[in-house]
Number of protein chains: 2
Amino acid sequence: MTGSDARVGDLDERTVLAHILDRVGPTGALLGPGDDAAVLAAPGGRIVASVDTLVHGPDFRTAWTDGFSLGWKAAAVNLADIAAMGARPTSLLVALAMPPETTLGEVGAIADGLRAACAELAPGCAVDGGDLAVSDTLTVAVTALGVLEGSGPVTRSGARDGDVLAVSGRLGPAARGLSLLFERFRDGAGRPIPPRTADLTADERGDLDAQLRPRPPIADGRRAAEAGATAMMDVSDGLLLDAARMARASSVTLDIDSAALGGDASTALTGGEDHALLATFPAGVRLPGSFAAIGRVREGAAPGVLVDGEEPRGRGGWDPYQDWDRGRG
Amino acid sequence: MTGSDARVGDLDERTVLAHILDRVGPTGALLGPGDDAAVLAAPGGRIVASVDTLVHGPDFRTAWTDGFSLGWKAAAVNLADIAAMGARPTSLLVALAMPPETTLGEVGAIADGLRAACAELAPGCAVDGGDLAVSDTLTVAVTALGVLEGSGPVTRSGARDGDVLAVSGRLGPAARGLSLLFERFRDGAGRPIPPRTADLTADERGDLDAQLRPRPPIADGRRAAEAGATAMMDVSDGLLLDAARMARASSVTLDIDSAALGGDASTALTGGEDHALLATFPAGVRLPGSFAAIGRVREGAAPGVLVDGEEPRGRGGWDPYQDWDRGRG
């Protein structure tokens, strides 16, 4: 029995794998899934490679998300890392570790989400390989690969005095969506319960969607590289925290203009998980794609971040080792 | 406090990462760890990519292994997948998900093991990137990348009637080492206890070492490709099970000569985790490196495996979804 209610612990690996491969769709690989390794084209002789993991507990709660959203998010956060180097994502490799009670339907939904995110955010990128494992903790570790096309890579360390600091993508919605879940969708004992979207306003539904299925502006990564971006990274843990990393890597001060951050500047400064692209461009460059200026680069005695010329308070972001409350659900 | 007893849950991500990067050693990457993604050289315009995961519970018990061995094994099993394509491993990307109570000393030992395995088994390959996450379940997901140098890739599907079937590397020791652990190093309640190597014979110590720190013949992957191997794979789940996969992919029958498998043919046929290389070569080719003939390829009405001309009984190997007993320890 291999219906969508079948549990992977009652099936063999080959059956589970076939169910996934039916879904992840056509691969552009020279050799796709099914052998010991995939063979991928690397035109130009360089590739960009990154890995990011979603773990049940610190990174998602099963009551709050679903397989499709989980697959989508696992793809999106990794595509953003490749885009943030100025590269075009070409391949995902997915290590999926699942409890035996995971159903084939859930596995298929994860695969559908991976494919849909690639199709919408990074056309031409596909799941070209992976690994199946069993685990007490549902874990999706995705390796993303990409190619540099002439220009790039754009590192975090190239920001220079006088550059414009700019962002493409949204800052804040994913964090507001997470707050909604913690504040509105827990039972009396604090346990996660499925969100009832009928109880939400349109804005709140947008925030929840941004948390569960982020849409980083992947194509703007290449555009930034072509436009001459001097530094770039994706904002995964919060603008203040990530900008401080760029500031340290570049030995500069990044001065953020809070008025450029929209009506909820506080959340824009500290909220993570939108995976917007943060980049610096030489002054006078026409900002590409959806990039908009949010500040400027200054030489500083000690590298760091200022907001409206002043030092911000607090850590300003998420640290997995300090901030997970050990909850799952 | 960042001594080796410090727990990662009491530290920040940056401290844990610095501790790892101090250990994984020099990278040959164009751009190594520290940015959104690594930039790697891909001479020849093709890369080979694979991912494999070690999960606390089904893949290892903490009472039976240690951080160094865990890092070593995570590297070795992935290097074997790259070698099995006829490629030379160049880079590892490591997604490490750890419980907050993991100590900095354990993290450092995992990093040391990853580096040592690369240095011994695949000189020139290094940890070029990764991701840190927290999880209730210690999980090491490694992506390995490699390059094809002129020849290759060698897939599973190229075996042809009349080819010689050959193996490089050992078959059986890792499985015997696992049996030792289950039979000799559990307490009265069946829980894993640390192995006392003083209680073991020299052969038994060798088997335990093969289970905890496998040494696949990585360089023989390239040698096989250069010698004209028609099909290749690594033996991860057991010779009978893996050979059956090659037989199906190639639409042939693989006839194994049990006399060529040494004194413990039964374990050699069904035991996994040695990650030997199984390959087919045109008849008359001088077998490269440590490859030795163990049978031949025949056309068959139904693709499959024969042992001494007869059909073997049983499944002949390990399936993670069917065979994990849910134990951890």
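Placement of Cβ uses the backbone N, Cα and C atoms for every residue, glycine included.
Per TrEMBL, the features are as follows:
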BINDING   A:ASP36, A:ASP81, A:ASP234  Mg(2+) 3 binding site
BINDING   A:ASP36, A:SER50, A:ASP81  Mg(2+) 4 binding site
BINDING   A:ASP52, A:ASP131  Mg(2+) 1 binding site
BINDING   A:ASP52, A:ASP81  Mg(2+) 2 binding site
BINDING   A:ASP59, A:GLU273, A:TRP318  substrate binding site
BINDING   A:GLY130, A:ASP131, A:ARG156, A:SER236  ATP binding site
BINDING   A:ASP237  Mg(2+) 5 binding site
DOMAIN    A:34-147  domain 'PurM-like N-terminal'
DOMAIN    A:161-261  domain 'PurM-like C-terminal'
REGION    A:305-329  region 'Disordered'
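Taking 8 Å as the upper bound (exclusive) on CB-CB distance to chain B, the binding-site residues A:ASP36, A:ASP131, A:SER236, A:ASP237 give A:ASP36, A:ASP131 in sequence order.
Sorting each residue of the domain 'PurM-like N-terminal' (A:34-147) by its DSSP state yields 38 helix, 47 strand, 29 coil. When the Cα positions of A:GLY130, A:ASP131, A:ARG156, A:SER236 are compared pair by pair, the longest gap among these ATP-binding residues is 31 Å. Nearest by CA distance to A:ASP81 (Mg(2+) 3 binding site), out of the binding-site residues A:ASP52, A:ASP59, A:GLY130, is A:ASP52. Reduced to three states, the DSSP call for A:ASP234 (Mg(2+) 3 binding site) is strand. Note: the domain 'PurM-like C-terminal' (A:161-261) comprises 51 helix, 16 strand, 34 coil (DSSP; helix = H, G, I, strand = E, B). If you take the CA of A:ASP237 (Mg(2+) 5 binding site) and look 10 A around it, the binding-site residues you hit from A:SER50, A:ASP52, A:GLY130, A:ASP131, A:GLU273 are A:GLU273. In terms of C-alpha distance, the listed binding-site residues A:ASP36, A:ASP52, A:ASP131 place A:ASP52 closest to A:SER236 (ATP binding site). In terms of C-alpha distance, the listed binding-site residues A:SER50, A:ASP52, A:GLY130, A:ASP131, A:ARG156 place A:ASP52 closest to A:ASP59 (substrate binding site). Cα separation, A:ASP52 (Mg(2+) 1 binding site) to A:GLU273 (substrate binding site), rounded: 12 Å. It is A:ASP36 that, of the binding-site residues A:ASP36, A:ASP59, A:ASP131, has its Cβ surrounded by the most other Cβ atoms within 10 Å. Residues within less than 8 Å, Cβ to Cβ, of A:SER50 (Mg(2+) 4 binding site) and separated from it by at least 6 positions along the same chain comprise A:ASN78, A:ASP81, A:ILE82, A:MET85, A:THR143, A:ALA144.
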